[in-house]
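**Student:** Have a look at this one.
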Amino acid sequence: MKALILLLLGACQALQPGLEYQYRYSARVASGIPSINRQFAAAGIQADVTVQMAADYSVVVQFSNIEVGDLNKVLDCDLRAPLPIEYHPLEDYVDLLEKPFRVIMNESHVPSYMEGPEEPIWISNVRKGFVNIFRVPLFWSTELHSTKLNYGAVEETLVGRCQNWYTSMKLPVNLAEEVNVQREHFMEEDIQRDAYSSSYTTKTKSKTSSKTSSKTSSKTSSKTSKTGKTSPGQLANVPHIEDTLWSVRRTTDFDMCENLVSLQIHSSKYTEDIIQRSSVASYLIRGDTHRRIEQVVVEGTITVLTNKEQHEHVDTFTNQTLELKAVREVGEPITVTYDVHPHYDWQYDIERPQGDQFIPLEQVLTGRPVTDQIVNSIMEYIKKTVDDLSHRMEHYPAKPENLAYIIGRLVEAVANLDYPYIQTLYTHFDGKGTMQKYIFVQLVIHAGTEPAVNFAVDNLSDILFYVTFYESIGVSLRTPAPIPKIMHSLINGEEGLHHSLGLMNFATLAHDACLSEDRKHFYFDYSCGPKTTCDPELIITNFIPYLVRELGNQGKDVWQRLIYLQALSNLGTPQTINVLKPIILGVTETNIFMRTNAIWSLSAYNMHKTALSQIYEILMPIIENKGEQFEIRNIAFLTLATWGPGHAWWQQLAVSTWHDPSPQFANFVTTTIYSISDSHTKLAETVSRIKHLCKPAAPASILHSTNFFLHEYLFSEEHGSRVNFAWFASVHGAIPEEVFLRIQREFFYGYTKVLKIDGQQRGLYNLMQLMKQKMTKPQKRPQSSAQEIVSGMWEELKEKIGFTSPESASDATLWLKLDRLIYVALQYHFMEGAPIPYGMYSGKPFYDKDLNTLIAFPTEIGIPFSVLYVAEDATWLNINGNPETSMTSGKMKVNVDFIFETSQVQFVDARAHVPWSKRPAVASGVYADTQLVLPLNVHASFDMYSQEIQLSIEPTNTQKIDVIKFEFIPYTVLENNYPGDVLVIENEYKPILHGEVPLFNDKHQAFPSDVGLWIQVATEGDIHHTPSIYEIITQLFSAHTSTHIWEQSIVFDPTLSTTKTVSFTFNYVSTGGSGSLVDRGDYDDGQISQGSFDEDFGQFSQVAGGSDQDIMEVDSFGTQSQTIERIMRLQQALISSGGHVRTISVEVELQGTPTRNYEASLTWAISSSASTRSSKVQVTLIKHPAVGVLEDPYTICLNAQIVKPHFNPFFTTEDVLTANYHSTVKAELFEGETCEEAPVLLLEASFDVSSNVKERVKEAIEKGCDYSTYAPGIDIITSPLYDHSHITATWTPDFPDNLKNITYYVDDIIKASLSKKIEFDHTSAHHASRVEIDATKCIETGLWTVRTEKPYAVSIINELELPAWANPIFTPAPLATTLLYGLTVGRTPVSCTIDETKVRTADGKVFAYEPSECWNAMTLDTTFDQRGAMLVRNTGQWEVRIIWQKEGLVIDMSPTNFLVNGEPAKGTDNRYTVLHHDDSHTIVFESGTSVKVSDKVEVLLGLDHRGHTTGICGNFDGEPSNDMVGPKGCYYTDGPLFALSWASPGEGCASFMYKNLKRDVVWYQENCPHFTYEPTGVTHADALYDCTEWVYHQRTEGQYHCKALSPMPVCRPECVASHPITTSVEYECRFSGHQQQAQQQQQQQVQGTQWEECFPHFYTLTYPSSCIPQ
């Protein structure tokens, strides 16, 4: 028969009544990073423990001789050796800890509960940690049955109910002999074995052993039993114990635990991966019939991962040892004489508050009280530190501590104070000054405890609290207790900016703490009650109705209602779906902002997974409704895609892209599918299988809605991108209408923050145009008579066609959603000379916490372990006085003197709390911080008309300072403070080094001595790493931790710097052929000389004057700019060759002793002939002589000329196929005092297209596969056709060595990166000063073979694949054309074409057309500016009339004539350029708009007309469905009738003829359909009906009463359920426990403390996927 035998507290055979067992017990904890070094912070406790079994089988235990100790140092090599802790007697709490306690057994002799004195909880936990060693169940068999050697058991442990695995093996005889010898040396007395010496396995004892045992036994006996050693005759009743020795191993499986005891604040669902635990106990047990524990070693490990590098972690080790010293008869029973306090479970206890009592967090964990003395020291610390902080800016340039760290520790100090103490400090600082009070208010707000939050809410009348409290409640709040009070303050508060932010922030907080299925990660301490949990009903019955009421108030502005909508969205609960549904479907709201935000609130990242079916039912009709705006359909598709739907859904959407009427929707769907397919995610496996079904997407461009890895599930290390974005193209301009941006930051492993930015705009492009006009110098207007005539023609045209221009400019609206908070900017009003908002710079520190996570749980030894993850930052901009500003026409000056400081701190602190010690915790961790300090005087001047910016920077510090400082420090520490995060006494952090000193140390100057700035870069650490400038900049924005110590500082010393001020001058100079500083167009033999389609297409238009221009002023504040004069002289050499010359220059002046000046400029000019286009580029680097120093200037110039084929803006395919593609590059490098000497380097290159490539292109066009677009010609010239290149570089002996070394460096990089593809031939020598490169591309593979002939070698690179960014270089078209065609218009032609049978609009709509002699409006400006219109007619030849109302011009053009205001064009005009050929005229405007008249009419509109035009060419908004809209808003399906609606009379089209043609149009307009987008809820009213309700399911399972954490759908009575879904649902379960526990809970409730044990459990649940009306 098998029996369950519990050793010690498990069965009566284990401990014998009448006997006393004495053990030596020790417990130790050590923390460090052993992967770096053997350095540990450790603490230990050891004691003698006496255990007596009474006759009623209750057990009494008593500690004595208690000693404690600690250490913090590098250990010896053997990490398994005992810790060299120097122990000393325990001083505090020794009387309590040495009091005996009792363990009560139940009727089955199983331990039931423990009784002890009223004592701090940490002492009770230490007792439990000791008792739990003995709670070991073992399965044995009798002699008739085999032993079960391995088994598992679910047991209640100190950490929770866990699966323990046991292995028990009898020791072999030889090993048992050795163990017996060791045990006999240690035992002082053993009455069970002495009484039966004949049964000893070891027949004789050594003398030493006998003597030692006798002495120690006598000594111990005199203290306890007072009997001495007894003869066998006197021990007749002592049970015999066999010498059989058993080895028992117990391993705890933490993955199979339930009811885990822990305390979590702002934790993560990745906690189980971040923190890994293990526990292994090894037992030595003696006996068969009767047993006893001889020796126990319990070893625990806690591993905390610090970042994504799995090998970087902090380790904490716990160790318990128990060794039997003596077994003797009970001489004097240990009695319990106090009133006992029962402990009904064996789990770790935390200290719970009584009623409204406030207990600091560390006291909750440990039970060690925070005394009044400690509180007083904390308050003094806060007073002193806040006072010092308020004067911080006055002490620069002293080396300060990290600002974020100082404020962070002050926040933790306030977090340990109760309400009265906070009130006392508030009163104190209120009388000290505004700065001190402001700082303290920030501390209270960020403390986030219940007293702090209650105090902040009670003082919202104080403006300092009101303006900042609501902005930080999401991260700072540490407990759900104050949530009801915050909610009521918002509901009853007055509307305003801060109230709006509060609503949205609180909604996010309510989601995280009350409504989310993961809300236990916000706060969890395994209890239920109003102090520790947030009831969802609080939000559902109070906050949601408030938001719904305010949202439905149509009297509020859209932006106000949008705030309430966003708050509902932030709640992220299905209970809001029925509220949002009418908005989503467009029934109660038509505003696109409201609808898109409402739809996005249904994303998988924001809504419970059980809502999928209902969301699918709402959004799929929107996606399929072709009458919806494409933005609405896009966001509906995007929202459903976040739910990761199946293959069939993706297939349906992919196929729909071929026949969807909206190119914007189709393109967005395709790019989304492409982006997911190319990612390394699980969803990619599904989506990639239907990628081939999509209509090919246009390249990513601003005119096509595109998704570039938007979704959070596409964040992937393998994909290599943490910046993801998407956008919806605008129908009202070139700027996308909505932009989604996601930037991911990873703080630690499993803890990331995604910065979510959603921007929506209307009219922003128009606003930018207005700003550009204001930045342009006013120029001469046309003569009034011409203006009046043209204006009259414009008004007459509008009257004839029945078009009305808007009377006012459209509003510019910008909505910016930043991390679920909506900000709004409205109107043009800020353009009307609004003052600079100095008030936004308060001159006070700003503190923010991105992460503040605490995870705590017990260790086996009964003390708590906690992990703290912190990421915090602080910024302080202190402006000395008021900035000096001056503004005149087009010019502005600013002078400001300030100190700017910003800092970041990140650390992981793994802490074992040691409540018995004066060093309250041992800890190890990793710390990282970043600091930037800039004490500067900045002077800036902006000359908008001359396009010059001057910026001077002067450091104002007078002593050496660390401008930038980075630190990465792994450490161990014995903490001095309690609570540990309040640094009343500075801790002695001991860095963990690989050796005795850092392995790497370097100091060097950042700049050469000529610069005159003493800036030292000092680096030391255990890794050899010199970060790049990019790394330094990124570190300022995103710190990270490392287990390698590393420190770098950039130090500036003004006393050693000869340069005192650094000035920058930025210039842009544009010069026409005559030398005037304006954009000019040259009428050069009928060819384009500038402003061509290739160069200027897509640029913004400018308000220019007439043809007779004045030279623009180029002075800066009354003084002629020497830089601009120098640039003008530089441009003269290029102007003589014709063309438009532009220069961008940067000048740096180092003002000091001496003053030095450096200049860099880029100049380029472009000119064209009939067949070629020439681009000249000059790059100049100048080092001017220092002031007062006799030295020569030094100049480097690179002159290059690039010749490519030239193409007319409206070229034909035949023009492209017959063009000469030969392109050349010639470059010369000059070096010396000037650029007038002989070049030191000459480079010549040619690029060609082989006949094979041309043949392939022709075949592709004939087949219509690869070039199937409407305009194959532009596709061809913007494709990388060049397949051969030859480059020759020749240098002279004067070629400078430094440049030569750069070429060697580049050559080495190429050799290293292409080592597997490169071959060398060193057998022959070549020209000593020349390199020749010959490259050929394989047409089949697209790979290049590059042969390079060097002076002493020939290298051949095979199968070289060029990166995608290099492809534009190998296109026949100019680089600007290639980029604009690809990135702006997405390789989709946007020209409008009119011939004798049809019209193709700019958006691709084709309809029948019957030309006549009446004018038809091709394009007509619909903006408030009323720029004009383009008319077309056919009088035997095509004629175009351009009415440019704004400029007072009427341009008439035909294939043979070109007139301006009725007269032949003369001279030049900078506003346009004219091309004349035998059978055509082409006009190219500066804005990029082009019109060609030949045997057809072609119009190419500039981007500033996007969505702002109408006529027979459509509205140029990217959507062809709305192109056929007439001047009165009628929608036409008949092409000729549509064209007639835009007709107006003219020569050859008399009034009678005109009226006859317009008769059908007039009749149609009387009762015509208008084009409108029809929301789904309007066209399908039944879509509003919903059958679903949401409830929180409840159930009882055994001793648990559970409530689901997620609301589940149920059908209303009038509906039936379909397709039930069974899934695993997480519940919050209240544990009823044993009877004694229930009684204890009743007693607590009487005392005012309401809490019950609550743990998460998973159960399966079935719910309907959808509900259908009966």
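Cβ coordinates are placed from backbone N, Cα and C, and glycine is handled just like the others.
So Swiss-Prot says this about it:
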CARBOHYD  N106  N-linked glycosylation site
CARBOHYD  N319  N-linked glycosylation site
CARBOHYD  N459  N-linked glycosylation site
CARBOHYD  N1301  N-linked glycosylation site
REGION    15-674  region 'Vittelogenin'
REGION    198-236  region 'Disordered'
SIGNAL    1-14  signal peptide
**Student:** Near N1301 (N-linked glycosylation site) in space, meaning Cα within 10 angstroms, which of the glycosylation sites do we find among N106, N319, N459?
**Tutor:** none
**Student:** Any idea what the Cα distance is from N106 (N-linked glycosylation site) over to N319 (N-linked glycosylation site), rounded to a whole Å?
**Tutor:** 30
**Student:** Secondary structure at N459 (N-linked glycosylation site) (DSSP, helix/strand/coil)?
**Tutor:** coil
**Student:** For the C-alpha pair, I'd like the distance in angstrom between N459 (N-linked glycosylation site) and N319 (N-linked glycosylation site), rounded off.
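**Tutor:** Cα to Cα, N459 (N-linked glycosylation site) and N319 (N-linked glycosylation site) are separated by 50 Å.
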**Student:** Give me the mean pLDDT over the region 'Vittelogenin' (15-674), rounded to a whole number.
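**Tutor:** Over the region 'Vittelogenin' (15-674), the predicted model scores a mean pLDDT of 86.
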**Student:** Need the DSSP three-state call for N1301 (N-linked glycosylation site) to compare against my parser.
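**Tutor:** Going by the DSSP assignment, N1301 (N-linked glycosylation site) falls within a helical segment, counted as helix.
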**Student:** For N319 (N-linked glycosylation site), which residues of its chain lie six or more apart in sequence with Cβ-Cβ distance below 8 Å?
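**Tutor:** Spatial neighbours, sequence-distant, of N319 (N-linked glycosylation site): S26, A27, R28, V29, A30, V297, V298, E299, G300.
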**Student:** Sort out for me which one of N459, N1301 has the most neighbouring CB atoms within 10 A, since those are the glycosylation sites we care about.
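**Tutor:** Per the Cβ count within 10 Å, the most buried is N459.
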**Student:** How many neighbouring Cβ atoms, not counting its own, are there within 10 Å of the Cβ of N106 (N-linked glycosylation site)?
**Tutor:** 10
**Student:** Under DSSP, is N319 (N-linked glycosylation site) helix, strand or coil?
**Tutor:** strand
